[in-house]
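Here is the structure we will look at, set down as structure tokens.
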There are 2 protein chains.
Amino acid sequence: MSDTHAAHFSINNIPYGIASSIKRPIPQAVTRIGDNVIFLAELVNKKPFANIDMTALPSILQGSSLNAFAALSKGIHAQVRSAIQATYRSKLHHESAEHIKDVRMHLPVVIGDFTDFSVSAYHVQNAPEALFGVRSLPACWNNFPMGYAGRCSSIYISDTPVSRPLGQYLEDPAAKEKKVIFGPSRSLDYEFELGAIVGRPVAAGTGVYAKDMDEHIFGIVLVNDWSARDIQGCEMRDPLGPLNGKNFATTVSPWVVTLDALRPFEVSAAPHTQPVVDFLEDPKSITYDITFRGEIVRSGVSTEVCRVGFSHMYWTFRQMLAHNSIGGCPLNTGDLLASGTVSGSEKSQLACLMELTMNGKQPATLSDGSALRYLEDGDIVRFTAVAGDASAGVGFGECVGTIKPAPRM
Amino acid sequence: MSDTHAAHFSINNIPYGIASSIKRPIPQAVTRIGDNVIFLAELVNKKPFANIDMTALPSILQGSSLNAFAALSKGIHAQVRSAIQATYRSKLHHESAEHIKDVRMHLPVVIGDFTDFSVSAYHVQNAPEALFGVRSLPACWNNFPMGYAGRCSSIYISDTPVSRPLGQYLEDPAAKEKKVIFGPSRSLDYEFELGAIVGRPVAAGTGVYAKDMDEHIFGIVLVNDWSARDIQGCEMRDPLGPLNGKNFATTVSPWVVTLDALRPFEVSAAPHTQPVVDFLEDPKSITYDITFRGEIVRSGVSTEVCRVGFSHMYWTFRQMLAHNSIGGCPLNTGDLLASGTVSGSEKSQLACLMELTMNGKQPATLSDGSALRYLEDGDIVRFTAVAGDASAGVGFGECVGTIKPAPRM
């Protein structure tokens, strides 16, 4: 790990992840304070943990995913958080810790299902404008959060390289005669998103109201929903939504930031102009003050491409999870529900290249002087996010991927 | 199990499943001959298995899913199949067997990802006609099989009841002013399909050509892709495809019929009128001679609602898996890739109610005298399929679900 975001991980954060190292080769549950990665199973014999009435806790923290821990009650999560903070408030227990540069981070949870929503009013209007020259809101925009089922087998942990996908796409989308060709994607894009990870499961047929849904959210991660716009555009001429345009790779950040850590950064969610159905009604209507920063590194030179908040998103995670469960569909521990591209109203706030470069037709200029239409082989895409202002000490670390050439067929 | 399809399971079939019983409470690998369910881990000390060079086989067959077995090479699968047949050709080993009525069947594999394709040329044209009065082929029909990612958490084994989903839909789709309301679906439907289960995995970025894909197909099951047409229709006004209209339930049959069992029933696949891209090219162009029979039981009276083949489907499983892998997406052992509704050209061959009743506008009459628009609470939907003619002894058993009322909110 080259991640140097120590300031994101103050004692106010206490995120969870899965790590291994040369000393501790079996992946297991960790938290992070500054640059110290703390192996939790080794910590639970400390005094502050003595009050937690749960004999299975050490073995749960030895698991190779956070799923069993995530499924515990919010009460236990709060106790573990307090105990970690109490242990470390006085001093760092170096015997349980390793430096971030000495550990390898793994996917924090086993993800059984992944739903990708699309709840930025800017993104959903900018996208058709970039593609077809027409701005319009989705038909059901005011009724429920719009989303599709994504692919789980290609969800990777941050720092995993992303190979340019192969696929079929229109040689020239503007041509009258549509010719479909096959090859490496010519319009590889990123999408900066947040994702909620399900904690306590929601059983089949027990749809939970948005107002009660925080009980089922373990925490939040960064999500890069890599997209091949040409492949996606070709398959979305038909009505079943994206498939190969999205399923080659999705990158998530290694640290799950809990709702407990985000509580001080609660802000009002975007107001709704139309009444919503009861199960989506949310009197508290809370989201989080989170700021993203995205950059592209090309030829070794970094260019900031996006700086945007999150609180303008039209539907909250509570509402996204409620919608996903209401028909009877079970939400299992570890399921990932992502927000869709977090684009805001300004050009500097656009969180994917399709919007920023109008589908490549209006290139931007990177700091190395090159033109930015879509991603080139060798480009590094990195984004981070912090809650409140940077000094608050609660951040998500980073979500990063380097573009590799398409495989040869 | 009330399943009485003994004739589907001759010694020419040898399907695989996962079963438990009072005597054998831990779910484990089984096969079936007639009405006898044979617990395989107990069989492997018999003489015909002695030649199989695989010490791990007994423990693999004790697993609670078939995934580890499915991931083995086709060579091992062929040896196990031969050894089972050799053991049972002379006589049934009753000490390893229980009657089908005494066992409980479980999901045969852990399904990490589910793609539902739609490759019947009749279904894809009938559907828009039933909904909008217009017949048209999808834009990419000749280029690649069209599909969407489905939900894994709500895939159930045959015989699991299906609760009517709740959701949002248009009060009157024909009204000029679109009013979205919330409630139990009014147009609950079935879709009769086949599904391929991935055996040997396809690693990320190693997209496999259609012609070589049989190596990665463990076998075939029946799939009922239950659909709430009103909820689906409402969300598909937007471009991301179906979500809640499909994710409340999918039912699969318990017996995985292998490609080895289906080999005698290979027939030519539907001809393509346009050349396809290399990786979808399939000189052998093989599919299977399989016949479906579907029935609805209402008020205790059965009505046949569908009798249709499979070989008219425009894309083969080999091509569906190739398309799903080509962009770089890994296919893991246990993944399910379904065919979409298998409707044929005749009214008696329509494999969902949206087509059969023109979205409820042209009701059929059931044997109990009632009108069939969409499914009613209490309806039982059952379908079966056999390879070749029924006397060939290779069938899929049945895939059945009973409709329960929507949960109260």
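For all residues, glycine too, the Cβ spot is worked out from N, Cα and C.
The active site, proton acceptor annotation in TrEMBL covers A:His123. The Ca(2+) binding site annotation in TrEMBL covers A:Asp116, A:Glu191, A:Glu193, A:Asp225. Look at TrEMBL and you will find A:Asp225, A:Lys246, A:Thr250 tagged as Mg(2+) binding site. For A:Gln232, A:Thr341, the entry in TrEMBL reads substrate binding site. What TrEMBL lists as domain 'Fumarylacetoacetase N-terminal' is A:12-108. Residues or ranges marked as domain 'Fumarylacetoacetase-like C-terminal' by TrEMBL: A:125-402.
Location within the structure of each feature annotated in TrEMBL.
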residue: A:Asp116; record: Ca(2+) binding site; DSSP (3 states): strand
residue: A:His123; record: active site, proton acceptor; DSSP (3 states): helix
residue: A:Glu191; record: Ca(2+) binding site; DSSP (3 states): coil
residue: A:Asp225; record: Ca(2+) binding site; DSSP (3 states): coil
residue: A:Gln232; record: substrate binding site; DSSP (3 states): helix
residue: A:Lys246; record: Mg(2+) binding site; DSSP (3 states): coil
residue: A:Thr341; record: substrate binding site; DSSP (3 states): coil
Candidates A:Asp116, A:Glu191, A:Glu193, A:Asp225: member of the binding-site residues with the richest Cβ shell (10 Å): A:Glu193
Structural state census, the domain 'Fumarylacetoacetase N-terminal' (A:12-108) (DSSP three-state): 40 helix, 23 strand, 34 coil
Alpha-carbon distance [A:Glu193 (Ca(2+) binding site); A:Lys246 (Mg(2+) binding site)] in Å: 14
Sparsest Cβ surroundings (other CB atoms within 10 Å) among the recorded positions A:His123, A:Lys246: A:His123
Other same-chain residues whose Cβ falls within 8 Å of the Cβ centroid of A:Asp225, A:Lys246, A:Thr250, the recorded Mg(2+) site, in sequence order: A:Asp116, A:Gly150, A:Arg151, A:Glu191, A:Val223, A:Asn224, A:Trp226, A:Ser227, A:Asn247, A:Ala249, A:Ala338
Distance, A:Thr250 (Mg(2+) binding site) to A:Asp225 (Ca(2+) binding site) (CA atoms, angstrom): 5
Of the recorded positions listed as A:His123, A:Thr250, A:Thr341, the one whose CA lies nearest the CA of A:Glu191 (Ca(2+) binding site): A:Thr341
Listed recorded positions A:His123, A:Glu193, A:Thr250, filtered to Cα within 10 Å of A:Thr341 (substrate binding site): A:His123, A:Glu193
When distances run from the Cα of the residue listed as 'active site, proton acceptor' to each of the binding-site residues A:Asp116, A:Gln232, A:Thr250, the nearest one: A:Asp116
Neighbour count (Cβ, 10 Å) for A:Gln232 (substrate binding site): 22
